[in-house]
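Chemist: Below is a structure I'd like to ask you about.
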């Protein structure tokens, strides 16, 4: 055995491979995604129930409920993201689950609507840290399985949504919204129990200069997976004592990506929650009877009316939510043939078209059109929402990855906070104007995706912002489809810096040539 041999953390994780350790982690982190979905989609069915319970609540105050939750998520994503980079991902996940559980119980006991708004903010704060589960999972995965598992876990978002709607359909008519809120917290208790068996990320320990702890975790992972460690000693030349530096997000190597991704994430939140709230707003319109959509604008002068979701409404929500599940296999197909940036352009372009189709819903006044458009739109935007965490965690180094993904999910809530005022308030004043805003902002997001400077497909995870991009894998049979190369290389034309192509950018064709030479 060569005692002078060394290996990096990326090489060690790839050498150990995928096994029981990662699948155990995957099964527990999936409940983070389910819990997040349940708490978010609870808002879509809670609003009508609260307007019936407290008749004095106006549409604007109902929209404020969603804004309070997402304001908390924005704050929690930033604060807990910093904590995750400084003190570890595992602690943040446990803390988030505790905050949401306690806040959910207090919400169920709320004596007034103002109290609901206050506790909803703290529910949002906790939700800002649940996304660190994806971060923890990513940092344990070998490069060959990274995209598959990080994207597959998003299926549990759809499961969480369907669970919430089925629960609402059963609980809400007979037992009311308070019990529904309490039962929504069940996945959080699974997280608290499961995290007892989960360890901290070795990448966090290496990035924060605690290499011995990282080596112990790698030995444990190798033991659970019944796989040997690579020969030699773990080294990392960019290990550092301090992580979670906000200034690194705006370092010249990351600045352009940070600003573009900020807008892309905002529109992802705007589109996703916009589609859901548009659906429920149209269904709960007072004149919505016999599967016919009423004219939204005709109800402007009428007082707010109590209209609970019916069984048919819940069935419609479950149907459109099932469309999200098809977004995952769609993304797998796209990832096989295209880079992350190209897929983002495709997703936002189709989303803009789906929103444009809403122009034709009101004139025809048929509910099935609404369901079909929403089904396709949610499939595509779920494809995008599954892609964005993967790309964000890949493009930023370990030293700021927790902060980056926390801020990304948090900033997406700016779009989500805007959605209720568009879909529940402005919609009743100008239906076509509201749809036009969604179309315009989504089209800009497609263009911003076109401008992203770095393609992360097949590249190693960085430990610091100074690490070079290292290609790891190539396309099947070493060949990239011609159409993919054409689109990818066209995208690169937008990534010029003072006449020189951005140093972080390598086309798919260049990656293949480099990888072929190393074989």
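Each residue's number is its place along the chain shown, starting with 1.
Backbone N, Cα and C define each Cβ position, glycine as well.
Below, the features straight out of TrEMBL:
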type: TRANSMEM; residues: 25-50; note: transmembrane segment
type: DOMAIN; residues: 25-457; note: domain 'Major facilitator superfamily (MFS) profile'
type: TRANSMEM; residues: 62-84; note: transmembrane segment
type: TRANSMEM; residues: 91-109; note: transmembrane segment
type: TRANSMEM; residues: 115-137; note: transmembrane segment
type: TRANSMEM; residues: 149-171; note: transmembrane segment
type: TRANSMEM; residues: 177-198; note: transmembrane segment
type: TRANSMEM; residues: 259-278; note: transmembrane segment
type: TRANSMEM; residues: 317-338; note: transmembrane segment
type: TRANSMEM; residues: 345-362; note: transmembrane segment
type: TRANSMEM; residues: 368-391; note: transmembrane segment
type: TRANSMEM; residues: 403-425; note: transmembrane segment
type: TRANSMEM; residues: 431-452; note: transmembrane segment
Chemist: So which of 115-137, 259-278, 317-338, 345-362, 431-452 is most in touch with the transmembrane segment (368-391), counting Cβ pairs under 8 Å?
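Modeler: Stretch with maximum Cβ contacts: 317-338.
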Chemist: Considering only the recorded stretches 177-198, 259-278, 317-338, state which has the highest number of Cβ pairs under 8 Å to the transmembrane segment (403-425).
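Modeler: Most contacts with the transmembrane segment (403-425): 259-278.
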Chemist: Do any residues, 6 or more residues outside the transmembrane segment (345-362), come within under 8 Å Cβ-to-Cβ of it, and if so which ones?
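Modeler: Beyond its ends, the transmembrane segment (345-362) has Cβ neighbours at 264, 267, 271, 274-275, 278, 282, 293, 295-296, 334, 338, 369-370, 373, 376-377, 380-381, 383-384, 387, 431-432, 435, 438-439, 442-443, 445-446, 449-450, 491.
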Chemist: What else in the chain is close to the transmembrane segment (431-452), if you only count residues 6 or more beyond its ends and a Cβ gap under 8 Å?
Modeler: 256-257, 260-261, 263-264, 267-268, 270-271, 274, 296-297, 341, 344-345, 348-349, 351-352, 355-356, 358-359, 362, 422-423, 491, 494-495
Chemist: Sort out the residues at least 6 away from either end of the transmembrane segment (91-109), same chain, that have Cβ-Cβ distances under 8 Å to it, and list them.
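Modeler: Non-local partners: 32, 35, 39, 76, 80, 83-84, 116, 119-120, 122-123, 125-130, 132-133, 136, 178-179, 181-182, 184-185, 188-189, 191-192, 195, 402.
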Chemist: Relative to the transmembrane segment (62-84), which of 149-171, 177-198, 259-278, 317-338 accounts for the most Cβ pairs at distances under 8 Å?
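Modeler: The stretch I would name here is 259-278.
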Chemist: Any chance the transmembrane segment (317-338) and the transmembrane segment (177-198) are in contact, meaning at least three CB pairs closer than 8 A with a sequence separation of 6+?
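Modeler: The transmembrane segment (177-198) and the transmembrane segment (317-338): touching, no.
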